Amino acid sequence: MGMTQIPPGAFAGGGGLKLADMPRFLVQLIKGRWFSVFASFLIMFGAGATYLFGVYSKQIKSSLGYDQKTLNLIGFFKDLGANVGVLSGLIAEVTPTWFVLLVGAAMNFAGYFMIFLAVAGKIPKPKVWQMCLYICIGANSQNFANTGALVTCVKNFPESRGVMLGLLKGFVGLSGAVLTQIYFAIYGDDSKSLILLIAWLPAALSVVFVYTIRTMDNDRNRGPNELQVFYHFLYVSIVLALFIMVMTVVQKRVLFSRAAYAGSATVVCVLLFVPLLIAIREELRLWNLKKRVPDPPTEVVFENPKEEKKVSSSPAEQNLIRNLESPKAESKSCFLTIFNPPERGEDYTILQALLSLDMLILFLATLCGLGSSLTAVDNLGQIGESLGYPTRTVSSFVSLVSIWNYFGRVFSGFVSESLLVKYKVPRPLMMTFVLLLSCIGHLLIAFPLPGSVYFASVIIGFSFGAQLPLLFAIISELFGLKYYSTLFNCGQLASPLGSYILNVKVAGFLYDREALKELAKKGLDRSSVKELTCLGKQCYRMSFSILAVVTFFGAVVSLVLVFRTREFYRGDIYKKFRVQEEEEKKDAVVDSR
């Protein structure tokens with residue numbers, strides 16, 4: 001085999017950047033892979049406004065006079081918009097990334113700004129279906145951010161997809177707590193203005209960074225320390241999460257002034273921009289590498305050039321090479337191959353993936369797991385109110401869910417990747433354990449003890465966050481990356497269906513039934529009160545007992561996928577990417593000659 005001579009210290013940072021080189025270096029930085037990652041972090045941080053529904057839902061309920069079932073219906077349409085991302089996936093298949101991000105920004109502003117106008121009384125009271133439409137449009141914008149940023153980063157770093165998914169979805173999980181800090185600093189304790197904040201800020205972030213995020217070649221300029229860089233991003237995000245968690249606890253016990261909130265928000269914003277320094281450092285290393293490596297590229301010396309083409313390879317590698325060399329290989333109608341899919345890990349068509357048994361199992365597990373978790377998150381405000389917690393404490397529940405949502409996402413991304421690479425542990429097995437953990441959180445709400453809602457918020461936030469990177473990584477591994485922008489959005493479709501069944505038909509219905517019982521005891525009926533409210537442990541006991549059972553069933557279903565895919569995960573699932581990269585390097589050397 002051949003060897004490429006790389007000068008020692010080529011990946012060292014520092015040195016070699018003169019003032020005259022700054023313009024060219026800035027162009028490289030902004031066009032580079034690592035700046036794209038930083039921009040994706042900021043866009044994903046703005047894409048988690050749906051997790052703040054528990055904070056401002058009470059404002060919608062009181063301002064517009066809704067009962068809990070109506071509010072849960074609006075919550076369902078929020079979940080529907082947030083999880084039905086097929087449209088964004090299909091648009092991404094035929095349009096550039098910048099167009100996807102701009103569409104998402106426009107939808108985000110339009111949807112949430114109309115909700116703000118309605119709640120603030122700036123427009124006549126909308127009908128329920130109009131409110132459902134507004135929140136569905138606003139929430140659906142996060143799919144365009146996901147498709148534009150997350151899918152692009154996974155394609156740019158296919159061999160680090162687990163950690164990349166964990167980091168990006170982690171920033172989404174943190175966004176609720178980050179936005180809360182910013183909203184306290186700018187607007188004070190005014191939940192109407194929170195809706196205004198989530199209308200303009202995420203849209204502005206997408207517009208600012210719209211041209212920096214794009215799919216790049218799986219490149220020969222990548223350094224050997226890629227995973228180490230991701231760990232540096234992780235450390236920064238952990239510091240950010242811990243700071244927000246400390247602030248959440250302190251703000252619950254101490255009455256903060258506007259200046260104190262401004263100071264807290266400033267620290268948060270500074271920490272959000274630390275990844276930019278990491279991106280600059282990595283691009284500087286690449287800059288120095290390019291200066292030290294001769295141009296044209298150093299010649300690859302083979303022991304026997306004539307025999308190079310005869311190097312033996314596995315059938316899978318030979319098949320991949322044939323596909324690379326023959327882009328116009330024989331193709332068949334997608335309808336004729338629906339029930340004749342390739343091996344796991346190869347590129348499925350959209351129909352092959354959607355109709356496969358593996359996807360159906362994932363769909364059912366997601367319906368149970370994410371549907372139950374979304375129901376818990378959406379009802380946190382009313383859960384706290386029913387158990388007698390003050391408004392500020394209820395906001396801390398939402399922040400705890402957001403923070404531990406982050407920890408769940410980065411934990412599942414990094415740990416599942418490590419277990420997969422080192423010990424060949426199937427990723428669906430971690431999904432099973434996460435769902436079992438979620439059952440405990442639901443039971444803590446069904447049978448509350450003093451302070452148990454704090455623990456339930458942590459557990460539900462962690463398990464909810466952990467499910468998403470696992471789901472997206474499993475889909476990319478089983479069905480390939482060719483149609484990933486559509487398939488990963490299709491994978492979320494079960495979530496709003498589960499939310500509708502469990503949130504509207506179970507939790508909302510049972511809550512209103514208990515509230516009507518309380519009114520009947522007082523000799524009143526529904527028409528005598530504007531807002532239907534239930535107080536006491538019985539309000540959510542039955543509904544969260546049902547959620548615990550449903551989630552346990554989802555864990556059992558996930559275990560079926562573990563047994564179906566255990567042989568696939570025992571192999572080297574990233575081998576084909578390394579083979580493809582080697583082929584690209586060989587072609588580059590041939591072209592340079």
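Backbone N, Cα and C atoms are what each Cβ position is placed from, and that goes for glycine too.
Bear in mind that the values here come from a model prediction, so they are computed numbers and not experimental data.
Feature list (source: TrEMBL):
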{"type": "DOMAIN", "residues": "33-280", "note": "domain 'Nodulin-like'"}
{"type": "TRANSMEM", "residues": "34-53", "note": "transmembrane segment"}
{"type": "TRANSMEM", "residues": "98-121", "note": "transmembrane segment"}
{"type": "TRANSMEM", "residues": "165-187", "note": "transmembrane segment"}
{"type": "TRANSMEM", "residues": "193-213", "note": "transmembrane segment"}
{"type": "TRANSMEM", "residues": "229-247", "note": "transmembrane segment"}
{"type": "TRANSMEM", "residues": "259-280", "note": "transmembrane segment"}
{"type": "TRANSMEM", "residues": "354-377", "note": "transmembrane segment"}
{"type": "DOMAIN", "residues": "357-569", "note": "domain 'NFD4 C-terminal'"}
{"type": "TRANSMEM", "residues": "428-447", "note": "transmembrane segment"}
{"type": "TRANSMEM", "residues": "453-475", "note": "transmembrane segment"}
{"type": "TRANSMEM", "residues": "544-563", "note": "transmembrane segment"}
Other same-chain positions with a Cβ less than 8 Å from the transmembrane segment (165-187) and lying at least 6 residues past its termini are 40-41, 44-49, 51-52, 55, 142, 149-150, 153-154, 193-194, 196-198, 201, 230, 233-234, 237, 240-241, 244-245, 247-248, 251, 256, 258, 261-262, 264-266, 268-269, 272, 395, 398-399, 401-403, 405-414, 417, 461, 465, 468-469, 472-473
For the transmembrane segment (259-280) and the transmembrane segment (354-377), decide whether they are in contact, meaning at least 3 CB pairs lie under 8 A, counting pairs 6 or more apart in sequence.
no
If you average per-residue pLDDT over the domain 'NFD4 C-terminal' (357-569), what number do you get?
89
Give the one range among 193-213, 229-247, 428-447, 453-475 whose Cβ atoms make the most pairs under 8 Å with those of the transmembrane segment (544-563).
428-447
Mind checking which residues of the chain, 6+ beyond the ends of the transmembrane segment (193-213), have their Cβ under 8 Å from one of its Cβ atoms?
30-31, 35-36, 39-40, 42-43, 45-47, 49, 52, 55-56, 59, 97-98, 101-102, 104-106, 108-109, 111-113, 115-116, 119, 138, 141-142, 145, 148-149, 152, 179-180, 182-183, 186-187
Any residues 6+ beyond the ends of the transmembrane segment (453-475) with a Cβ under 8 Å from its own?
150, 154, 161-162, 165-166, 169-170, 173, 353, 359, 362, 366, 369-370, 373-374, 376-377, 380, 383-384, 387, 389, 397, 400-409, 411-413, 416-417, 427-428, 430-431, 434-435, 437-438, 440-442, 444-445, 484, 487-488, 491-492, 561
